[in-house]
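Notes for the one structure printed next.
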Amino acid sequence: MANPKLVLAYSGGLDTSVAIKWLQERGYDVIACCLDLGEGKDLDFVKEKALKVGAMKSYVIDVKDEFANEYALIALQANALYEGKYPLVSALSRPLIAKKLVEIAELEGAVAVAHGCTGKGNDQVRFEVSIKALNPDLDVIAPVREWSWSREEEIEYAKKHGIPIPVDLDSPFSIDQNLWGRSNECGILEDPWAAPPEEAYELTASLENAPDVPDVIEIGFEQGVPVTLNGKAYPLAQLILELNALAGKHGVGRIDHVENRLVGIKSREVYECPGAITLIKAHKELEDLTLVREVAHFKPIIEQKIAEVIYNGLWFSPLKDALVAFLKETQKNVTGVVRVKLFKGHAIVEGRKSPFSLYDEKLATYTSEDEFDHQAAVGFISLYGLPTKVHSIVNKQNKASVPTGQ
């Protein structure tokens, strides 16, 4: 009788390499799955390593465009920053990884999927909730959570089974990266008082090493979608990667954040998101120009909720779908160009224009070109302040009629 098949989310690192052998010992034929999310990893090497360790098959799938257009774009249009800081780098990729795991499992006739998450992070929740939403019949196995080995025990197991030890194993940091940014934790970063060492960063220059001359760029949007950079059209994934290089050179997008994890603990994380931060700032400025006041004031409530829903692993939920439906409606007129200066860690918006601009210079100006009806303000103020005026009159009358105590 053939062994049951299992699809493993494979990164090429020690944990998921050891997981292949560990799962085989438990009777599974392991199919490795690695996605290209724009992190710049040597995926041919990863594919061959999975097969060398013992996977019966190894998938490598380029999902950069899908990730940019269907996941990162929603976060951008929501100006999504969890707790006002984190652009949801890892949180955005997990539902897409889960989706591909399920697709391959169904294609291969697998009975289970597995991931390499620990028992104290958010990702285990994101993966497992997403997988069960997409296919409730699949079993989900978390080898790292189950085996509870020390790092030394894991290395010993790897040596015993001839599993290659990564050359960067001595690095104290735990890193996750995709085209939307890079997250870094562990090592000295676990001390919230300790300054992140420069070796913790890869995508961004320090302020000291950033150029002394700014770059001024122009980002074009169509219905909330970034489509051009300095007048040149790019697919969204490529545009984000181009911005990572441009803004990263100037130190834009470094984030040092003590965040509240879904599992109940606080965690100190260091993020680099040069492209994401630059795009969010530009997009928000274009919205300020094109959204009516009521939508502009209400949308941040939806934005905060979308950020929480994504962070908490509820991508495939009815609530997320409903929130995104509102979000998409707001983007119909978010078309135009934003000019941004990149300099010493800052993305500074210096100009914005749109064919749907609600800014009317003849109404806003204080020059002789002014077309605003100043006399209309008299009646407006009277009606606007009427409830407050009536309240004040009634209170004064009641106070006057109340006898003072002896």
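From the backbone N, Cα and C atoms, a Cβ is placed for every residue, glycine too.
The annotation in Swiss-Prot ties Tyr86, Asn122, Arg126, Ser174, Ser183, Tyr271 to L-citrulline, and of the candidates under consideration, Glu190, Glu259, the one tied to the same site is Glu259. Site annotation (Swiss-Prot): ATP is bound by Ala9, Tyr10, Ser11, Gly12, Gly13, Leu14, Asp15, Thr16, Ser17, and the candidate from Gly116, Gly119, Gly121, Gly162 recorded at this site is Gly116. Taken residue by residue with DSSP, Glu259 (L-citrulline binding site) is part of a strand.
Least crowded of the binding-site residues (Asp123, Tyr271), judged by neighbouring Cβ atoms within 10 Å of its own Cβ: Asp123. Between Ser11 (ATP binding site) and Asp123 (L-aspartate binding site), the C-alpha separation comes to 14 Å. Sequence-ordered, the extra residues of this chain that approach the L-aspartate site, with Cβ no more than 8 Å from the Cβ center of Thr118, Asn122, Asp123, are Cys117, Lys120, Gly121, Gln124, Val125, Arg126, Val263. Residues Ala9, Tyr10, Ser11, Gly12, Gly13, Leu14, Asp15, Thr16, Ser17, Gly116, recorded as contacting ATP, have a largest CA-CA distance of 13 Å.
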